[in-house]
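Since the structure comes first, as structure tokens, the remarks are kept for the end.
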Amino acid sequence: MKDRYILAFETSCDETSVAVLKNDDELLSNVIASQIESHKRFGGVVPEVASRHHVEVITACIEEALAEAGITEEDVTAVAATYGPGLVGALLVGLSAAKAFAWAHGLPLIPVNHMAGHLMAAQSVEPLEFPLLALLVSGGHTELVYVSEAGDYKIVGETRDDAVGEAYDKVGRVMGLTYPAGREIDELAHQGQDIYDFPRAMIKEDNLEFSFSGLKSAFINLHHNAEQKGESLSTEDLCASFQAAVMDILMAKTKKALEKYPVKTLVVAGGVAANKGLRERLAAEITDVKVIIPPLRLCGDNAGMIAYASVSEWNKENFAGWDLNAKPSLAFDTME
């Protein structure tokens, strides 16, 4: 049987990435060109800057991904691309490059939901058994997803306001930490104590929804009031207290979801899945189901995860036409 190679593209935000997946499960290359240094001085991602960077490096990323995989353009058998959710200008760069490559070589084009990519990155650890539950935590999303089979995703709970990664970056900015602040807050949290009383919104309510805006506001108010009074606060203790509140919320809702949807596997994915504190809480508290977390290199935005997610779409022959457009607000279906 002839080997099949998927060339995957991911440009939904501030990472330009191209990857090659062989025979559905062997990631031969996963090239990532990060823009973090360009966005640091702004304290967040600037959409126009992100789009320009994607345009500048996308061709080089394609060439490097093919070279690292040890294949040529003629060896590629399908092309996959993120078409949403994300920044519309950024999405269009990767999607346009993918469409051009597929059209030029007469290859099928596979549309992939960015969040499905995060979820299916867990496939790199071991074959997934369905049905399963997923906790997706990133800079733009916080949601619980029920997956009955590969490619069938239903949201069963999500944030009402801020995503967890967004909350990390906003409190990090208040403390003067470097963007993105998640890793530094995690490290500082392990050096401090949970001594500040921050709210855990909806933690006792019988639903699967999250809310982090109240926690973020309480943190900002505490920090601001201390500055106004000339009081000194421990950055380590602030981080420890903030992270403890976040983890209490995530764990409470995830446990409720596992009670409502009895599955054997919990996937935890997205950029915040790299958080050491979250991994520690999961290991200590979720012991009756298998917990699968992608390796660190596949937690952030990358094309490797898009390649993994495209496999089920390819098997279903869910191909896109040349009129496929970016959908910045693309979402999974919601399940009551």
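Cβ atoms here come from the backbone N, Cα and C positions, even for glycine.
Just so it is clear, the model here is predicted, and its values are computed rather than measured.
Per Swiss-Prot, these features apply:
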{"type": "BINDING", "residues": "HIS114, HIS118, ASP301", "note": "Fe cation binding site"}
{"type": "BINDING", "residues": "LEU136, VAL137, SER138, GLY139, GLY140, ASP169, GLY182, ASP186, ASN275", "note": "substrate binding site"}
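Known features from Swiss-Prot, placed on the structure.
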residue	record	DSSP class
HIS114	Fe cation binding site	helix
LEU136	substrate binding site	strand
GLY182	substrate binding site	helix
ASN275	substrate binding site	coil
ASP301	Fe cation binding site	coil
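The least crowded of the binding-site residues SER138, ASN275, judged by other CB atoms within 10 A of its own CB, is SER138. Pairwise Cα distances among LEU136, VAL137, SER138, GLY139, GLY140, ASP169, GLY182, ASP186, ASN275, the recorded substrate-binding residues, top out at 18 Å.
Ranking the binding-site residues HIS114, HIS118 by how many other Cβ atoms lie within 10 angstroms of each Cβ puts HIS114 at the bottom. For the recorded Fe cation site, residues HIS114, HIS118, ASP301 set the reference point as the centre of their Cβ atoms, and the other residues of that chain within 8 Å of it by Cβ are GLU10, SER12, THR82, MET115, GLY117, SER138, GLY270, ASN302, MET305, ILE306. Taking the Cα atom of each, GLY182 (substrate binding site) and ASP301 (Fe cation binding site) are about 15 angstrom apart. Summary for the binding-site residues GLY182, ASP301: the Cβ-based neighbour count within 10 Å is maximal at ASP301. Taking Cα separation as the measure, LEU136 (substrate binding site) is nearest to HIS118 of the binding-site residues HIS114, HIS118, ASP301.
A distance of 15 Å separates the Cα atom of ASN275 (substrate binding site) from that of HIS118 (Fe cation binding site). A distance of 11 Å separates the Cα atom of HIS114 (Fe cation binding site) from that of SER138 (substrate binding site). Taking CA atoms as the reference points, ASP301 (Fe cation binding site) and GLY140 (substrate binding site) are 12 Å apart.
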